[in-house]
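J.: Can you keep this structure in mind? I'll have questions shortly.
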Amino acid sequence: MNPNQKIITIGSICMVVGIISLILQIGNIISIWISHSIQTGSQNHTGTCNQSIITYKNSTWVNQTYVNISNTNVVAGKDTTSVILAGNSSLCPIRGWAIYSKDNGVRIGSKGDVFVIREPFISCSHLECRTFFLTQGALLNDKHSNGTVKDRSPYRALMSCPVGEAPSPYNSRFESVAWSASACHDGMGWLTIGISGPDDGAVAVLKYNGIITETIKSWRKEILRTQESECACVNGSCFTIMTDGPSGGPASYKIFKIEKGKVTKSIELDAPNSHYEECSCYPDTGKVMCVCRDNWHGSNRPWVSFDQNLDYQMGYICSGVFGDNPRPKDGKGNCGPVYVDGANGVKGFSYRYGNGVWIGRTKSNSSRQGFEMIWDPNGWTETDSNFFVKQDVVAVTDWSGYSGSFVQHPELTGLDCMRPCFWVELIRGRPKEKTIWTSGSSISFCGVNSDTVDWSWPDGAELPFTIDK
């Protein structure tokens with residue numbers, strides 16, 4: 001083939017390739033135009049797909065998925081419809097308590113990033129339950145955990161995480177700077193109450209959905225403090241109790257009515273011979289019942305019940321099955337304070353059912369060890385020590401600590417009644433064990449009208465940690 005023939009052949013091949021490329025490009029343009037015309041004709045059409053269930057990390061979310069045909073973007077989000085938690089239901093009838101959660105925080109914290117905490121509690125909205133806790137601004141098995149036996153410091157904060165999970169920097173949400181706290185959900189948003197500051201001038205900061213809405217200054221200038229468990233919400237209003245004054249003598253106690261984070265009413269209890277600290281409160285048939293700690297002179301628990309106008313009644317649980325720690329052996333009760341071993345105490349709870357009462361208490365009379373639930377069918381009004389049911393949840397050889405109530409509203413459970421639940425703090429470290437830190441994990445139980453079991457669900461961490469050696 002001579003040079004001219006080669007040139008003609010190469011030119012012909014290039015021309016054919018060019019023509020094919022042009023045809024493909026024209027086809028592509030026509031395809032894009034047709035596709036655009038179809039989308040333009042349906043530009044404002046939005047289709048709603050069926051609900052989908054996504055299961056991840058043991059949590060089940062119900063999602064509504066929206067597909068916008070015009071740009072094919074898919075947006076999936078959890079149904080967060082707001083409802084007002086009525087709080088008008090009575091407590092569900094129950095026969096015992098079923099294990100609900102266990103976070104194993106201290107065990108996991110020996111190798112994982114887990115917060116040093118105390119005072120954990122649980123609160124539920126109509127969508128979820130969360131564990132709230134007071135951190136010490138430190139992680140387990142780290143140098144900053146040294147000295148965390150101290151209750152009040154500027155490093156403490158109220159945080160929360162999904163119930164049953166160990167509290168870590170990766171799953172926890174900051175709520176408030178606080179060394180004493182409470183939180184609850186009214187169906188529309190989270191109310192958090194965080195107290196911080198000096199002993200003689202602490203301030204409670206109220207937040208609603210994360211925004212500061214109100215502050216309450218210490219009125220007695222002697223360690224303003226609140227529940228260390230959930231507040232109670234009824235028909236859009238939430239209620240909490242605060243204490244200011246001596247821990248070993250008469251103090252001042254106030255009930256606050258709060259709507260969307262703003263205090264709308266408050267009263268001071270007329271209780272010269274009673275002592276109310278760290279109350280565990282729950283709604284019941286439109287009213288609020290609180291069972292508290294008498295740190296002054298009672299080994300049985302004081303209670304106060306009030307309506308939405310803050311008209312209140314008060315007294316002590318009459319049963320000879322005593323609920324505080326320290327306490328004497330069960331015996332003759334009193335509808336006022338039982339003075340034997342009445343000094344000091346521990347946060348606790350009870351649930352009233354008419355004249356009967358479920359009493360939660362440590363198994364030990366003198367130390368924060370073990371935990372049991374006792375049903376006394378006439379213990380709210382009678383002073384004998386006879387009881388009908390006892391359910392063990394922590395063995396007397398294992399550490400316990402604070403305990404408190406929380407409820408699951410019908411809007412969450414689908415039941416026609418208020419489900420009673422409780423949590424138990426499992427304290428580890430100082431002052432009882434040879435560590436440089438104090439922390440804890442938690443377990444929780446909910447009332448059921450079916451079979452339950454006696455067992456022990458202890459913290460289970462093997463101490464000391466590396467940092468302690």
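The backbone N, Cα and C atoms fix where each Cβ goes, and this holds for glycine too.
So Swiss-Prot says this about it:
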TOPO_DOM  28-469  topological domain 'Virion surface'
REGION    36-90  region 'Hypervariable stalk region'
CARBOHYD  Asn44  N-linked glycosylation site
CARBOHYD  Asn50  N-linked glycosylation site
CARBOHYD  Asn58  N-linked glycosylation site
CARBOHYD  Asn63  N-linked glycosylation site
CARBOHYD  Asn68  N-linked glycosylation site
CARBOHYD  Asn88  N-linked glycosylation site
BINDING   Arg118, Arg152, Glu277, Glu278, Arg293, Arg368  substrate binding site
CARBOHYD  Asn146  N-linked glycosylation site
ACT_SITE  Asp151  active site, proton donor/acceptor
CARBOHYD  Asn235  N-linked glycosylation site
BINDING   Asp294, Gly298, Asp324, Asn344  Ca(2+) binding site
CARBOHYD  Asn365  N-linked glycosylation site
ACT_SITE  Tyr402  active site, nucleophile
J.: What recorded positions among Asp294, Gly298, Asp324, Asn344, Asn365, Tyr402 are found with a C-alpha within 10 angstroms of that of Glu277 (substrate binding site)?
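T.: Cα filter at 10 Å returns Asp294.
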J.: Can you tell which of the glycosylation sites Asn88, Asn235, Asn365 lies nearest to Glu278 (substrate binding site) in space, using Cα positions?
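T.: Comparing Cα positions, the closest of these glycosylation sites turns out to be Asn365.
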J.: May I ask for the distance between the residue listed as 'active site, nucleophile' and Asn365 (N-linked glycosylation site), taken between their Cα atoms and rounded to an integer number of Å?
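T.: Their Cα atoms are separated by 14 Å.
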J.: Nearest to Gly298 (Ca(2+) binding site) by Cα, among Asn88, Arg118, Asn146, Asn235 (recorded positions)?
T.: Arg118
J.: Taking the centroid of the Cβ atoms of Asp294, Gly298, Asp324, Asn344 (Ca(2+) site), which other same-chain residues have Cβ within 8 Å of it?
T.: His275, Arg293, Asn295, Trp296, His297, Ser299, Asn300, Arg301, Arg327, Pro337, Gly342, Ala343, Gly345
J.: Which one is it: of the recorded positions Asn88, Asn235, Asp324, whose Cα lies the shortest distance from the Cα of Arg368 (substrate binding site)?
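T.: For Arg368 (substrate binding site), the spatially nearest of the recorded positions is Asp324.
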J.: Do any residues at least six apart in sequence from Arg152 (substrate binding site), in the same chain, have a Cβ closer than 8 Å to its Cβ, and if so which, in order?
T.: Trp179, Ser180, Asp199, Ile223
J.: Measure from the CA atom of Arg293 (substrate binding site) to the CA atom of Asn88 (N-linked glycosylation site) and give the result in Å, rounded to a whole number.
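T.: Given the Cα positions, Asn88 (N-linked glycosylation site) is 26 Å from Arg293 (substrate binding site).
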J.: Would you work out the biggest C-alpha to C-alpha distance among Arg118, Arg152, Glu277, Glu278, Arg293, Arg368, the residues that bind substrate according to the record, and give it in angstrom as a whole number?
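T.: This binding site's residues have a maximal Cα-Cα distance of 21 Å.
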